[in-house]
Amino acid sequence: MGNWIINHGLSAFILVVWMGINIFLFVYFYLFYDQGPQFEYTRELLGAALPWARAPAAVLNFNCMLILLPVCRNLLSLLRGSVICCGRTMRKQLDKNLTFHKLVAYMIALMTAVHTVAHLLNAEWYTNSFQGLYGPLASNLSMLGDSPELNTTFLNPVRSNSTTPTILVFTTIAGLTGVVITLALILMITSSMEVIRRSYYEVFWYTHHLFIIFFAGLVFHGAGRIVRGLQETDPPHNTSFCEDHPEKWGNITECPIPQFAGGFPQTWKWVIGPMIIYLCERLLRFIRYLQPISYRKIVIRPSKVLELQLVKPGFKMEVGQYVFLNCPAISQLEWHPFTMTSAPEEDYFSVHIRSVGDWTEKLIKMVEKLPEGGQGPKMAVDGPFGTASEDVFDYEVSMLVGAGIGVTPFASILKSIWYKFKDSDPKLRTKRIYFYWLCRETYAFEWFADLLQILEKEMEERGMREFLTYKLYLTGWDQSHVNHAMVHFDKDTDIITGLKQKTHYGRPNWDKEFEQVRQENPSSVVGTFLCGPQALADDLEKKCVKYSDVDPRKTKFYFNKENF
C-alpha cells in the first residue's frame, strides 16, 4: 500500500476531490429541486423528472468548466515552470492532463445522458399535464398563461393541445440547443475512440472542433428558461393550503394568483473563464503561425522516417519538449504534435516524423519530390510545450524507456547529456542513466545509433562507463537474425548497430531490470520515463510500485509517461 501511495497518492487524492465535488453538486441540486417549496407546483407537472434533469445540469456546468483547461498547453507549461507547481509530484499531475480531460469527458457524457432522458420525460409530462391527464391541479397550473390583464404568468410551456413532445423539443430554445449539443457531443466522443484517433486522425481532429458548437449551444441552452419556479408575492402564496383550493386563487388573501419565472441562465458564468483562456491559447497559436520558419537540414531516414532540422528566431526549448507542426500546403487547420529530438544547447530544433497517417504520408512525399538542396514546404510551429521528460535531470537516477519512434524525447536528453559533459556543466545532478530502446525492425536503430556511438566513446574517455547503461531490444526478430548474430558473436561490436553493447532479441525482463537498478542504487530516487504504448506503460507503472520502498532511505521509483 505504501508503494502505491508513493506513485499514485496525489493522483488518487485529486480524483477523490473531483468526484466528491461532483457528488456534492448532484445531491445538493437534486434535493434543492426535489424538496424546494418554490418548485412545489413544478413537481406537480413533472414529478421526479425535475430533480433528475436539474441535478445533472449542475454537474455538467462544473465539468464543462474543467474540460478545456487540460488542453490549454501554454497554461500548463506556465504552471510547470512556476513556483507554485515546482514540486516533482505536482508536475506529474500536469503530465496527466489528457487522462483528466478524458475523465471529465466521460462525466459530461454520463450526465448529458441522464439530463437528456429526464428532459424528454419532462416534455411528455408537460404535454400530458396540459391535456388534463394528471388531475385538476396540474390542469389549472397548465392553463395559466402570460396575461398582464389577469396578472398571470405561465408554468407549462405547452400552450396548445396540438403541441406534441417532439414539437416542444424542436420549437424551444432549450430543446433545439439541447439537440445540437447532444449531437456534437456524440460525434466528438465516438471519433475520440482509440481505433479512430490512431487510424483516422483527421476525422478525430475535425470532429473534435465541434466543441465550438457545443459551447455556443451550452451558453444559450438555459436562455429559454423552460423550467420555472414559484416567485414570492405580497401577500405570499401558501402552497400547502392553496394547492388543494385552486378555485380560490386570487379570491382570498392566502391564495394570490401564483407567479412563475424561469431562473437566470448560469452556465455562462461557469465556462466564460476557461473559454477566454482557451481563446488566448488559440490567439497565441495564430501569432506563432505567422512567425517565419527556415530549414537547416532535411534527412529521410530508414523506414520512411523524416528528420527536419528547423530554425525559428527566439525559439527556446528544454529536453523532452514537443511542438505542434502545421503545413499549410497540406491543411491550414491541422496541427500535429511531435517530440523534439534536438538538445537545448543546439542552435536549431529537430523532429523525427514517421509515416503513420495521411498527413505524415503527404508531408514525406512532398519532401521526397524536392530538388537537391531545396527548401521544404512552409511550416508553422506552435510551442514548445512541457512534458514529463523535462524532469529527467531532477532525479539522481533515471530509467529511459523508448519504443520505436518513442525514442525521440530521449534522443534530446542523450544529446543534452553529451553537451553537458563536453562543457563540464556543474549543475548536472544526475549520477546514472539507464536507457532501454525497443524496436521491431533492425533499420530503426540507425536513427540514433551514431549518437549512442558518440556517447559511448565520450563515457569511455572520461572513465564514466557506468554513467550511461543502455540496452537495445529487437522485438520483431526471426531465427535468421539469431543465426546471423551467433555467427558474429565474437566480434567486438554489434552487427546491427555497430555499438559495443550487443543487441538483445525479444523483450526485456522488467523484473530483472528493476531489481538490478534497485541493487545498484540502494538509496536513490529513480525516475522512470516512458514514451511508448499504453500496455507497456501499465506494465512499467506496476513495476515502479512493486520495487519502490516506503523507507525514505531506500530506493523509490517514480513513473512518468509522455502524453500528447
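Keep in mind that glycine also has a Cβ here, set from the backbone N, Cα and C atoms.
Any TrEMBL annotation is an automated prediction that lacks curation.
Annotated features in TrEMBL:
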| type | residues | note |
| --- | --- | --- |
| DOMAIN | 285-391 | domain 'FAD-binding FR-type' |
| TRANSMEM | 12-33 | transmembrane segment |
| TRANSMEM | 100-121 | transmembrane segment |
| TRANSMEM | 167-191 | transmembrane segment |
| TRANSMEM | 203-223 | transmembrane segment |
Message: Under 8 Å for C-beta pairs, could you tell me which stretch among 12-33, 100-121, 167-191 has the largest tally with the transmembrane segment (203-223)?
response: 167-191
Statement: the domain 'FAD-binding FR-type' (285-391) resolves under DSSP into 24 helix, 37 strand, 46 coil
- line: Lying 6 or more residues past either end of the transmembrane segment (100-121) yet within Cβ distance under 8 Å of it, the residues of that chain are 15, 18, 22, 46, 49-50, 52-53, 56-57, 59-60, 63-64, 66-67, 70-71, 165, 169, 174, 178, 181-182, 185, 189, 192
Field: Other parts of the chain folded back onto the transmembrane segment (167-191), taken as Cβ under 8 Å at six or more residues beyond its ends
entry: 105, 108-109, 112, 116, 119-120, 123, 126-127, 157-158, 197, 203-204, 207-208, 210-211, 213-214, 217-218, 220-224, 226
- prompt: To what whole number does the mean pLDDT across the domain 'FAD-binding FR-type' (285-391) round?
  reply: 86
